[in-house]
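Here is the structure we will look at, set down as structure tokens.
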Amino acid sequence: DHHQSTDEPSESSKPCCDQCTCTKSIPPQCRCTDVRLNSCHSACSSCVCTFSIPAQCVCVDMKDFCYAPCKSSHDD
């Protein structure tokens, strides 16, 4: 069976952020400081990764909002 490609992002690549910091300016400037392995989330346009294996990647986009937290299904 062959996989049909769709534009729907997979659940794991949906933009989300657990550690988001914003400035107090109007509009706020928000940056996600989550570290992900090998890639950034699907909506990231500026992804910076280390050269280690696995690579540790951080999205350096500046937004005026924070994405929803990633850890929704694993509440302690």
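Keep in mind that glycine also has a Cβ here, set from the backbone N, Cα and C atoms.
Since we're looking at a predicted model, the values are computed, not measured.
Summarising the annotation, Swiss-Prot assigns disulfide bond to C16-C70 (among others) and lists similarity to another entry as the type of evidence. According to DSSP, C16 (disulfide bond) is assigned to coil rather than to any helix or strand.
As annotated by Swiss-Prot, disulfide bond applies to C17-C32 (among others), with the evidence given as similarity to another entry. DSSP assigns C32 (disulfide bond) to a strand segment in the three-state reduction.
Taking Cβ-Cβ distances under 8 Å and a sequence gap of 6 or more within the same chain, the neighbours of C20 (disulfide bond) are C30, R31, C32, T33, C66, Y67. Under the heading disulfide bond, Swiss-Prot lists C20-C66 (among others).
Annotation comment: Swiss-Prot describes C22-C30 (among others) as disulfide bond, evidence class similarity to another entry.
Annotation comment: Swiss-Prot describes C40-C47 (among others) as disulfide bond. Applying an 8 A CB threshold to same-chain residues 6+ apart, the list for C47 (disulfide bond) reads S39, C40, C57, V58, C59, V60.
The disulfide bond feature in Swiss-Prot is assigned to C44-C59 (among others). The DSSP secondary structure for C59 (disulfide bond) is strand.
Per Swiss-Prot, disulfide bond is recorded for C49-C57 (among others), and the stated evidence type is similarity to another entry. For the recorded site, C49 (disulfide bond), the DSSP three-state label reads strand.
Across the fold, the C-alpha of C49 (disulfide bond) and the C-alpha of C17 (disulfide bond) stand 17 Å from each other.
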